[in-house]
Amino acid sequence: MEQAVSKHRGNVVVVLDFGSQYTHLITRRVRQLGVCSVCLPGTVPLPTITSYAPSLVILSGGPHSVHEPGSPSLPPSFFEYTATHQITVLGICYGLQLIVKVLGGHVKPAVSQEYGRMDVLPLSGSRLFGDGPLCTRLSVWMSHGDEAVKLPDGFSIACKSLQGGIAAIENPSLGIYGLQFHPEVTHTARGTEILKQILFNVSEITADWKLQDVLQEQLEIIKSTIGPSEHAICALSGGVDSTVAATMVHKAIGDRLHCVFVDNGLLRFKERERVMSTFETDLHLPVTCVDASEKFLGKLKGVTDPEEKRKIIGREFINAFDEFSIEVEEKYGSRPSFLVQGTLYPDVIESCPPPGTGKGHSHTIKSHHNVGGLPKEMQLKLVEPLRWLFKDEVRKLGELLNVPQGFLKRHPFPGPGLAVRILGDVTQGDALETVRQVDEIFINSLREAGLYDSIWQAFAVFLPVKTVGVQGDRRSHSNAVALRAITSEDGMTADWYQFDSKFLAEVSAKICNSVRSVNRIVYDITSKPPATVEWE
Ligand SMILES: Nc1ncnc2c1ncn2[C@@H]1O[C@H](COP(=O)(O)OP(=O)(O)OP(=O)(O)O)[C@@H](O)[C@H]1O
Ligand SMILES: O=c1[nH]c(=O)c2[nH+]cn([C@@H]3O[C@H](COP(=O)(O)O)[C@@H](O)[C@H]3O)c2[nH]1
Ligand SMILES: NC(=O)CC[C@H](N)C(=O)O
Ligand SMILES: [Mg+2]
């Protein structure tokens, strides 16, 4: 990564993650403004930060309180380094409180906590808000329980809440600024303008980053990582991410890339046949299909804990890849030592630890099979050219690489597949068959109604409960199935999709009429948070 960033020297933003739910949004917003941005765990040592030669370091918010013993802090000599190299520092929420504490001010629990929308008033003449259009009453998003009550020497208040609380601080001569509210969330009106002010006026950064650059940078990195005679295998699922990753690596190393699609027994209706035929007709990449379904299902038999299921799947994927690399060795005389995966940034954040080294401060939400689910002892070295990107960025990259739209528009499908959509034991009764049939009817109905492309992801979930029904005047005691459809930008947050009731009624009737094992359909009306997209 350092290599990719080095081109933007002098115009790089490092975001230090102290565990905020919004850290990834800061990185995204900065990139959307055309500036190279890298997110690192708040625990990284100073040399890791300096290796990126940042012009601005943003300290994120976080769930901790700076006055709690053991709460995360900055590496020793951090402010000496930023002062000597004239690097601007911006603390957001916890970040602001950290600046205040480390530099000798005082932070304490506030009498009343502030969550949600608030109005604040910038003070005229501050460096942070300037004296132009931002110097007016602003509606912002707050989420904190602590407050700065005494500022360090040399700092002044740049903005106050209507109740008189400190909403922003600054010390322009040291280049240190702090916001108690979150400019990165869309609920903060003019948040983007505030970030622009900090990037372009306060830090004097030049916007020199484009998504096209990522392509060139990653091609160079791939070429220098995988030696000129070395081989790599690519885990190709037919999904957006691995298709874009494979296309990129193929461009870099040509036929030394060997793609493998694993049938893990957890795929959707006719998925194996469909994916293999589209690879052949549309993608022109050599792909081998490995049937590992018996192994996966055998290991999953009787396992009900969601995290255990994910870990087993991660391990079995690696076993399948290891076996495939032996096949490649037999054929080409060289054992591949690299595994290309289409891992994205959200997979990394949710699996924890976050990018870089050491443990971060966020909680593990679930172990994505390709990150947290990987076995420790694996031999293959990972090549993950999309590890720093979000789905919408990957789709744009795919367009630049001329990946057919059919691939780019597909709804995401998780590697653990139907295992995370069958609650409990995957091998129970005819759960796999049932969920396959229901999913197929639901997705076909979306396509027929012209709704597929306006929905980010849709699927069926098998519930391990039987309910009583009446079908053909007969009592039935069969399965309940849930349908889920969401809209999202990047899978990190999501809203449930509001179908009209006629559509839902038709789908429900179609499913119960054609899938014998189902007599009840429920629709999931939960956003993320508090739920996640998948049920396990
Ligand atoms: N059946 C599979 N065979 C081989 N590799 C797989 C399979 N399923 C997932 N993977 C690997 O795991 C990675 C992560 O899966 P994930 O579902 O997040 O991405 P994707 O399938 O490429 O894209 P999408 O999110 O659009 O489904 C993939 O990029 C791919 O490298
Ligand atoms: O490849 C994957 N391996 C996994 O282990 C995994 N778990 C969730 N997902 C997909 O990630 C997005 C967010 O899902 P969650 O809200 O359930 O975490 C959604 O798009 C999910 O389908 C996964 N993808
Ligand atoms: N959002 C945040 O960064 C919160 C910081 C700190 N935990 C507080 O409650 O004040
Ligand atoms: Mg997938």
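Glycine too: its Cβ is placed from the backbone N, Cα and C atoms.
Unlike curated entries, TrEMBL annotations are predicted automatically.
The domain 'GMPS ATP-PPase' annotation in TrEMBL covers 209-410.
Residues or ranges marked as ATP binding site by TrEMBL: Ser237, Gly238, Gly239, Val240, Asp241, Ser242, Thr243. Counting every protein chain shown, the Cβ of Thr243 (ATP binding site) has 30 other Cβ atoms within 10 Å.
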Additional residues around ATP, ordered along the sequence, whose Cβ is within 8 Å of the centroid of Ser237, Gly238, Gly239, Val240, Asp241, Ser242, Thr243: Leu236, Val244, Ala245, Gly342, Phe407, Arg410
Neighbour count (Cβ, 10 Å) for Ser237 (ATP binding site): 24
In the chain carrying Gly239 (ATP binding site), residues 6 or more apart in sequence that have Cβ under 8 angstroms from it: Gly342, Arg410, Pro412, Phe413
Assigned conformation of Asp241 (ATP binding site) - DSSP reduced to three states: helix
Binding-site residues whose CB lies under 6 angstroms from ligand 4, from Gly238, Val240, Asp241, Ser242, Thr243: none
